[in-house]
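Here the structure comes first, spelled out in structure tokens, and everything after it is commentary.
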Amino acid sequence: MDQKMFCYQCQEAAGCTGCTNAGVCGKKPDVAAAQDLLVHVTRGLAAVTTALRAQGEEIAPEIDRLITLNLFTTITNANFDKEAIDARTQETLSVKAKLLDRLNTTDGLPKAALWNGEGDWEAYARTVGVLSTENEDVRSLRELITYGLKGLSAYSKHANALLKQDAAIDAFLQKALAATIDDSLTGDDLVALALECGKYGVDGMALLDAANTGAYGNPEITSVNIGVGQNPGILISGHDLRDLEMLLEQTQGTGVDVYTHSEMLPAHYYPFFKKYPNFVGNYGNAWWKQKEEFESFNGPILVTTNCLVPPRDSYKDRLWTTGCTGYPGCKHIPGEVGETKDFSAIIEQAKTCAAPTEIETGTIVGGFAHAQVLAVADQVVEAVKSGAITKFVVMAGCDGRAKSRDYYTEFAKALPESAVILTAGCAKYKYNKLNLGDIGGIPRVLDAGQCNDCYSLAVIALKLKEVFGLEDINDLPIVYNVAWYEQKAVIVLLALLYLGVKNIHLGPTLPAFLSPNVAKVLVENFGIAGIGTVEDDLRLFFGA
Ligand code: FSO
Ligand code: SF4
């Protein structure tokens, strides 16, 4: 076997089967191996913590956070820095070694729990990657669970940054992660576990929602400026609202403005951030256009989470990483949960830069998370009863560079005028600047926020079910045409399945990690389907 790596965790997996020479995302084989090894040792640590819990012992919250940050680090487009990834592997091995001493017996532990870092790491990594599970259905289920847990880890990490942590979620996450290397489990056990991930996905998103709204208030209808001002600026990308808060605090009175990029856009919807006079607007679009947009922004860019694209040399010295992200040669701002990060070097650099080049002007409207939608629930219910709104179309999820994603723009344009789009995540950039109008004052694109705010969409659906007195969430006039890209979308999908949502259409392609048999289980039990042409899908969702 002469392939250099194997990864099929995201929608852009080469040939819809897997990246084997280098990642379409830019991940090179040595980084892929380092990530495989980090996942392996993290699975091993999870097996040890799970065994310790079974022994009645408590696990320190720092260890829970080490595990979630490890998984987050291996998510698509988060970290390309082999040294940083290897350092996490080393730390994980040290933590695990201490915990092993506390176990009454190590009998029955998997090899991942017992490997102590000896030997050549890269050679060892090649024996523990995705393909080390030979049966393709078991591999598919193990990876489906692992990717769901990576997504759950991302959301846990954001809650942790706001000093919220849930021991039950962490204990489940580790139990499920350990199960992905447990050879005694059957396919049925793994299917059940994948669905249980969905339950914890709902809990994890609820935890983050409470953390975000507790710290920053409930998102409200907001017009966000997409033009630019005269001052030099810092562009903040990714999902970490706590990082944004610290950056805004530290830029007050410096003459440096702050702009959001991609998934940070929804920060503008929170009342808390409106008090900062230098919080100017949103610059650019979804993650995959960053090469052009980071170039024309002219000032420093702070990437707090994925999606990071390997930078051009022309702006590499203006690109800063923090949290789970990393790129070799780019400066990284450290800071643990509860610590204040020092962004002064970024602010100093910004002062030497030109103001951003304007690439568009105008505003976009968002802020339709659960509290805001429920505040206008009467209006929404009336519009449904009168027939002014015939259907809600959930088009949440992710954007990506594949040409096939133009489908979502065309689909949004072709929707009947009585249809309202419910969205969250960076998928919105495919249609949030189309000016699709409103229905009696209700915008036809209701943006709840970041991908984790799909939680809001679920809360809204459950509320409508109650108001309309329906037995089944699937009887609502809501259809699901969801775009996915990376592993946070996997936990969102599992959460929707747990809530009983059926007939979700997933595109632009189905995950490469679903084996034909596993895909069949999802199709038969949940009606999961792909996408077709815009015309066919409109007919399917709306009739003739
Ligand atoms: Fe997008 Fe990237 Fe939020 Fe993802 S920026 S693709 S699902 O990281 O997390 O929606
Ligand atoms: Fe390929 Fe996606 Fe894996 Fe990157 S994350 S190597 S694009 S499958």
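Heads up, the Cβ atoms here are built off N, Cα and C, so glycines get one too.
Automatic prediction, not curation, is the source of TrEMBL annotations.
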Per TrEMBL, Cys7, Cys10, Cys25 bind [4Fe-4S] cluster; matching candidate in Cys16, Cys19: Cys19
Recorded hybrid [4Fe-2O-2S] cluster site member, picked from Cys197, Cys330, Cys426, that accompanies His239, Glu263, Cys307, Cys398, Cys451, Glu486, Lys488 in TrEMBL: Cys426
Whole-number Å value for how far Cys307 (hybrid [4Fe-2O-2S] cluster binding site) lies from Cys10 ([4Fe-4S] cluster binding site) (Cα to Cα): 12
Cys25 ([4Fe-4S] cluster binding site) - helix vs strand vs coil (DSSP): coil
Close-lying binding-site residues around ligand 2 among Cys7, Cys10, Cys19, Cys25, His239, Glu263, where CB distance stays under 6 Å: Cys7, Cys10, Cys19, Cys25
Output field, hybrid [4Fe-2O-2S] cluster shell: CB within 8 Å of site CB centroid, site His239, Glu263, Cys307, Cys398, Cys426, Cys451, Glu486, Lys488 dropped: Ser262, Trp287, Thr305, Asn306, Gly425, Gln450, Tyr485, Ala489
Listed binding-site residues adjacent to ligand 1, that is, members of Cys7, Cys25, Cys307, Cys426, Cys451 whose C-beta is under 6 A away: Cys307, Cys426, Cys451
